[in-house]
Structure formats: structure tokens, C-alpha cells
Amino acid sequence: KVFEKCELSQMLKANGLDGFQGITLEEWICIAFHESGFDSRALNYYNGSSSHGLFQINRQYWCDGQDAKSTEPSVNACQISCDKLRDDDIEDDIKCVKKILKESQGITAWEAWQPFCIADLDQWKC
């Protein structure tokens with residue numbers, strides 16, 4: 001599903017992501033746009049691993065699934081199938097995002113954040 005900006009904003013807010021670990025809703029909307037174009041089914045390959053869903057969560061560390069381009073086992077820290085990160089239900093994606101924020105390198109885990117989502121966030125407001 002490709003979400004509309006404000007539809008996604010409402011869902012992220014309803015699931016407690018606004019202000020979580022100090023990250024604003026506008027930053028999350030910006031990240032989702034630059035990572036996946038708001039597409040919950042996005043699948044990309046980079047550096048021999050796959051990234052999944054709205055937030056492009058990486059298989060190597062966070063989810064479990066077969067990856068044709070990598071034989072390395074997944075850590076599966078979010079205890080979720082990568083396929084579940086590419087469906088229309090993003091509540092489980094948000095739980096994984098929160099885990100990444102708390103247990104990993106925080107918001108810098110998302111490469112889109114620093115170059116695109118620190119300043120001038122007005123376009124991401126609803």
C-alpha cells in the first residue's frame with residue numbers, strides 16, 4: 001500500500017511514534033518518504049542484504065526471511081518475518097522501529113535522516 005502523507009501521519013501518531021525517543025512526527029514522515037516513497041511493500045537490496053517496508057528495515061539484523069542475495073543468517077532482533085514488514089499493517093513495523101531506536105544507533109540507523117530530515121520539516125506536517 002502506498003500511504004498518503006497525512007494518513008501515515010495519523011497512523012504513526014496513533015501508535016505512539018510522535019515524540020518517541022525525541023523524534024518528531026515530521027521527521028518520521030520525511031524518513032518514510034525518502035526510504036520507501038510511503039510504500040509499505042518496498043523491498044530494496046544494498047550491500048548484499050535486503051531492506052523491507054515503509055522504513056526499510058534490514059533483514060540482516062531485524063527480521064527473518066530468505067534473502068536470495070545473502071546466505072548470512074538473520075539476527076531477527078524484532079522477532080518478525082520480513083514479509084510482515086511489507087504488508088499493509090504497519091503496527092508491527094512501528095514496534096520494530098521502536099526497538100531499533102532503543103537498542104541500536106537510534107535515529108541514525110535511517111540513512112535518510114541526516115541529509116534530508118533534520119531541517120525544513122514544514123512540508124511533512126499535516
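Don't overthink the numbers, they just go from 1 along the chain as shown.
Glycine too: its Cβ is placed from the backbone N, Cα and C atoms.
Counted within 10 Å of its Cβ, the other Cβ atoms near K84 (Ca(2+) binding site) come to 17, all protein chains included. Summarising the annotation, Swiss-Prot assigns Ca(2+) binding site to K84, D87, D89, D92, D93 and lists similarity to another entry as the type of evidence.
The disulfide bond annotation in Swiss-Prot covers C6-C126 (among others). For C126 (disulfide bond), the number of other Cβ atoms no farther than 10 Å from its own Cβ, over all displayed protein chains, is 13.
For C30 (disulfide bond), the same-chain residues that are 6 or more apart in sequence and have a Cβ closer than 8 Å to its Cβ are A112, W113, F116, C117, L121, W124. DSSP assigns C30 (disulfide bond) to a helix. Among the features that Swiss-Prot reports, disulfide bond is placed at C30-C117 (among others).
Marked as disulfide bond by Swiss-Prot: C63-C82 (among others). Taking Cβ-Cβ distances under 8 Å and a sequence gap of 6 or more within the same chain, the neighbours of C63 (disulfide bond) are H52, I57, S74, N76, C78, I80, S81, C82, K84, L85, C96.
Per Swiss-Prot, disulfide bond is recorded for C78-C96 (among others). Counted within 10 Å of its Cβ, the other Cβ atoms near C78 (disulfide bond) come to 24, all protein chains included.
Helix, strand and coil counts under DSSP for the domain 'C-type lysozyme' (1-126) come to 54 helix, 14 strand, 58 coil. According to Swiss-Prot, the domain 'C-type lysozyme' annotation covers 1-126.
Taken from Swiss-Prot, the feature N-linked glycosylation site covers N47, and the record attributes it to similarity to another entry.
Apart from K84, D87, D89, D92, D93, the residues listed for Ca(2+), the same chain places the Cβ atoms of S40, G53, I80, L85, R86, D88, I90, E91 within 8 Å of the centroid of those Cβ atoms. Using Cα positions, the member of the recorded positions C6, N47, C126 nearest to D87 (Ca(2+) binding site) is identified as C6. The disulfide-bonded residues examined here are C6, C82; by Cβ neighbour count within 10 Å, the least packed of them is C6. In this structure, the CA atom of D89 (Ca(2+) binding site) is 16 Å away from the CA atom of C6 (disulfide bond).
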